Amino acid sequence: MPLFAQVDACTQNTQLTGGTTLSITGSNPSRQVGTVGSFDYEVWHAANECTSTNTMTYYGADKGGGAAFKAQWTQGSQCDFLARIGYKFDEGKTYKQYGDIFADYNYTRSGNNTAGDYSYIGIYGWVRKTNSTRTVEYYIVDDWFGNQWQSDATPVGPGTICNNCSSVGTFTVDGSSYNVYKHTRENAYSIDSDNDTFDQYFSVRQTPRKCGTISITEHFKKWEELELPMSGTLYEAKILAEAGGGNGNIDYRYATMRMGDLCEAGRFPLWATASPASGGSINKNNDNICLAPNTSVTISATAAEGWSFDGWVLDGVTGSATANPLTVTTGNGVASVTAKFALNITGENLIKDSEFSKALGTDWRFQANDGATGSGSVSNGTFTANLTKLNNEGEGGIWSLQLVQAGLPLLEGNTYVLSFEASAVSPRTIQVMCQMENSPWTTYFEEDVSLTATMQPFTYEFTMNAANDPEARIGFNFAQSLENVSIRNVSVVLKGTGGGDSSSSGEVSSSSSEEEQSSSSSEDGSSSSSEDDSPIRLVNPLSKVDFRVSSLNGALQIESRASASIYLYDIRGNKVLSFNVPAGESIVKLSLPSGIYIVKNARSKKAQKVMIK
């Protein structure tokens, strides 16, 4: 059955009214099921955990695509609540015996950390077990509500999904990459048993969104390519909102599902996306996804605050790569149009609420984990960490007491200046870092900072050597000791963009003196300085090893297959240097006392001991 001229779900945002409301309270009942038009619905919560009333309202078969609904929950921190509408199959057929399955959706929802410690928005279902495979509970997660540790602007991480998830792989579909995780549950309820051992599969979209099309069958196919069995019979596939606690809501203003080919013969999909998603938005004058060849479509790009439009990437269509609005003409195949956005070089502070004028939990979050205890407060433009207990022995690290903010758009090759003022009730050390907001928590910059009782300014310069991260985070880690810390006037400012073929700032800065904590200006491949004047000299653009360091006449020879941030520690563990090296073999000139040092690659976490003479 072809699905000719499907409507673009992202244009369907009319507020719906009316509908039928279902309420569940405690165990009376804890589950309600039924049908709405051609779809099945289910609303459920964990009866032994939930005491408040949670609701789901479906709008009706003639509204919002037929599967539109809203849900609201007021729960304890451990109450699991699910609301879903879609297809219930359970006909003894595998997914391959149905046509391709799609879901289209558009919704609004409550904000960050309104659904407990875990939450999922997307597609949910079950696959029955066979003689050789387990039952499968599966999720396709396009968005979530965030939690107390991680912003909803970033994809839900495996640490939130489960304690021991296996990372299976990554694939691209529907305009974004998805990370795939697997988890095995034991002695738990499934559709086949009240005490079952079954597998869970999670596809997690790496660019969260609130509208679009999910090609469900493509996920099934990709899972099988990653050796995740899908040979059992398909029980269901439904549009889902799941909350693990909190007080929140979601409103699907448009939701529908369909089976068959995406487009009828002779018509082809045109996909339009923004890159990065946080850089801006796009609009089309034609809401149809499937279009005939030689169809003219006008697309406009609108940059978000602090960003500017930077051209188009066209695939399968003809048109100008710079015009905005852009008019394209479709061809005889799948086509895509991507709007590129660039961060403005204005010196604007990328930190939100840099002067701590808002309550914690708005932009900044104070976190105490792994048995550590403490609290954060803001007053007169200053944040204060009141620390009472370090983490349990053998658990966590210096990050078990921390102040963090996510949402920093850090772009590969760009140089940033980080500055802040800080003090402590008595001398101590803290750590400041910029890193990925979720697993694997890749570190882009880190520095140990020595504080005194006097409020002092600190300034650091670093180059982003990793791939673009539009939702990076800054963190201040306090769990080295319990002296209270005060911080104010935090800023991260774009200094300049990378150029040419150089991927290194060539920066070598000492952090051993409190008066010299500001990084020196960088020297890179585009510098007018002579090669002999540069502290870092690339001697070979290729490296035969992942990472290796050798001492060479008062210098270091560093071999690395990828560009890297290098940290140098003395034998007592004090950081004495930080610098960046490009991919290949480099000679780094040093001016340090003779002795044994530890050289750490911040990206790979590999470390090596060397003797410097």
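Glycine is no exception: its Cβ is also placed from the backbone N, Cα and C atoms.
For reference, TrEMBL has these:
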| type | residues | note |
| --- | --- | --- |
| DOMAIN | 27-255 | domain 'GH11' |
| ACT_SITE | GLU137 | active site, nucleophile |
| ACT_SITE | GLU242 | active site, proton donor |
| REGION | 497-537 | region 'Disordered' |
| COMPBIAS | 502-529 | compositional bias 'Low complexity' |
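GLU137 (active site, nucleophile) falls within a strand when secondary structure is assigned with DSSP.
For the active-site residues shown (GLU137, GLU242), fewest C-beta neighbours within 10 angstroms: GLU137. Taken residue by residue with DSSP, GLU242 (active site, proton donor) is part of a strand. Counting in whole angstrom, the residue listed as 'active site, nucleophile' lies 14 from the residue listed as 'active site, proton donor' by their C-alpha atoms.
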